[in-house]
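Chemist: According to TrEMBL:
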- 1-54: region 'Disordered' (REGION)
- 41-52: compositional bias 'Low complexity' (COMPBIAS)
- 71-240: domain 'Bicarbonate transporter-like transmembrane' (DOMAIN)
- 109-128: transmembrane segment (TRANSMEM)
- 134-153: transmembrane segment (TRANSMEM)
- 160-179: transmembrane segment (TRANSMEM)
- 185-203: transmembrane segment (TRANSMEM)
- 215-233: transmembrane segment (TRANSMEM)
- 269-287: transmembrane segment (TRANSMEM)
- 307-324: transmembrane segment (TRANSMEM)
- 402-635: domain 'Bicarbonate transporter-like transmembrane' (DOMAIN)
- 405-424: transmembrane segment (TRANSMEM)
- 445-465: transmembrane segment (TRANSMEM)
- 581-614: transmembrane segment (TRANSMEM)
- 633-681: region 'Disordered' (REGION)
Amino acid sequence: MGGAKQLLTNHPVTSGDAVGVELRPDSSSVGEDSSPRTVGAEIPPVAVEPPASGGRSCGERLAGALETCCADIGDDLHGRLPLYLSDWATTDGIRCTLGGSVKIFSASLFSYISSVLPAIVIGDLLFSSTGGQIGLPEVLVSTGMTGVIWAFIGGQPLCIIGVTMPVAIFTSVCYILSLELQVPFLPWMGWICVFSGIMHILLAASGAVHFVHKTTAFSCEIFGFFISVTYIYDALAQLLGPILSNRGIDAWSPLGSSAMVYLLRERSASFANACLATGTYIVCMALHRAPRWSLFTPRIRTALADYAAPLGIVIFTLVSYIPYVSEAVGDARLDVPENVFGPSGLLPSFDRSWLNPLLPGTEAAKHAAEAAAEATAEVLDRAGVNVTAGTLSLLEGAGRHSLKYWHVSTALAPALMLTALFFFDHNVSSKLAQDPKFKLRKPTAYHWDFSVLGLEVLLCGLFAVPPGNGLIPQAPLHTRALANCKIEAAGNGQTREVFSDVVETRWSNLLQSLGVLLSVFALPALACIPSGCLDGTFLFLGMAGFGGNGLWERSWLVLTQPSLRPDNVPYMRIPWRKTRLYTVIQLAFVICVFILAKLPFVAVLFPLLIAVLIPFRMYALPRWFTQEELDALDPPEDASDTQPVVAGAAEETSPVPHTRSKEQKAPLRALDSAPEQSLEI
């Protein structure tokens, strides 16, 4: 092909040129067609292949990988950033209104009350279950700090952030594990939060949050039922534990009269707190059902129901100061640090710095471990707990040993469990706050929100406070408090709420979070609350959580006379044995999760069982139920808002999560085009 090469060299052929050259192969060409080929037509354009990845610089490849991984986060920011300024307007999205300001204030007050009371209850529980290393100051700081951060940089500010009961269970389990492993608790818990925060960010960047859209009522009902059972169990354990442990007082005991007087006072305080808890529970439940009353106006009845818990606590805190009752209660009140404020400001639950000593081998880490051991021993002694030799050895070991490098590596497994718990709990809470029935106009930001949550979890580890995530039911109740709605007849004597729009603002979340954060200044006043009132609040939160839970309703129907079962619910139109089997499966999951959460050493794995609920619903249930049966038992999202309510159900609806369609992702989507949704009560 020498002649051809020479010709092409003298006259380069470009794309589109026409040539009339007879190309003959060289005689040396082997295996080629020797017939002449005449090129007399236009040469088509040749597609130029892009250079191989090896030709790209390392920075370009890294930038491309980051762009691919963070695409969902970028989409969330693209949808929310243009609307950021409108989030700070007391407005309906167009202009400032006085009505919007009033609604924001009322929603802030309601959200503050619904956030600070569980924080007080959980703070008291953590103080006793972590040996005084985490208490009410840490819980209030965590709830307030994470809420303020969320109000400023969270994608969806309607979601309320705080410390939840599952987090309290997880933290208590980690404390027990730290004693067994001879690991300083707070630094170890700090590394758990740091690793978990990084895992949150990686999951958000990878787009894994899409998987939570598979969550249905099956998983939410089990999770809500588990939380309610845990509240009730912990309340009864705290009430009955001291009563059962103070048995067998012998008048001729060699302990002496002073010991007998001490035991009698302990028993008297236990019975007094049991009475206060019962009264608090009865008043809270009665006020919670005020909307069913015929007394007062609807506005007053609604206010009584909204503030049932604080009213019950205030009433029976005053009762506890009646002379004879006060003597019986004694000092069995909320545990708060004796010195709340020091020269440098707010003090933690014991003598330590707010900054968690995470670096192994430092003097700060050693000092923190010794102070924590002393604080735990003091708490146990003040509570009258007989410290066994084994427990004393564990405490002394925790005080002698500071954080080691191998301790840091052991935090990876618990961090994975905490991530699994928040992956389910937080995203379900966020979805409930953005239920389509509220007709929100601004787009979702699930991936960005989960990455922000990861940052908050990491900060909680740095400051040695318990991590927080989206609260249920506070998050959807916050959205409802900001909504404009009207009551319409739904037939059969029932009514329903129809939402028109929501004041989508950041102010209410910021104000309630600042209120929780500033509640640390009220710690001396909170110390007046008797522990019996807190236990009664635990019972109320547990029983009120059953309201609207489909598993709770179907569990009662299993025991109900067949002829008296309602026939206006979808799952009564399928064979009853299928409904019973579905209910038994859910109850079995509740029992397994509850038992696993109470077992020593393996309790840290209970979030994993909760995370299994989603794939179990997707792949296991269709083998036992037809699609028609699953639609009746676990209704699709587009039909969940129009289900009739089982007779006797509470005002709340079942926590069925929802997602928005792609058409609804557009910023400030038109309300007129949104399908009408309703909440039946």
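Glycine too: its Cβ is placed from the backbone N, Cα and C atoms.
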Chemist: Under 8 Å for C-beta pairs, could you tell me which stretch among 109-128, 134-153, 185-203, 215-233, 405-424 has the largest tally with the transmembrane segment (160-179)?
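Modeler: Stretch with maximum Cβ contacts: 109-128.
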Chemist: Under 8 Å, at least 3 Cβ pairs, sequence separation 6 or more: does that hold for the transmembrane segment (445-465) versus the transmembrane segment (215-233)?
Modeler: no
Chemist: What stretch in 185-203, 215-233, 307-324 has the biggest tally of Cβ pairs under 8 Å against the transmembrane segment (109-128)?
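Modeler: Selected stretch: 307-324, with the most Cβ pairs under 8 Å.
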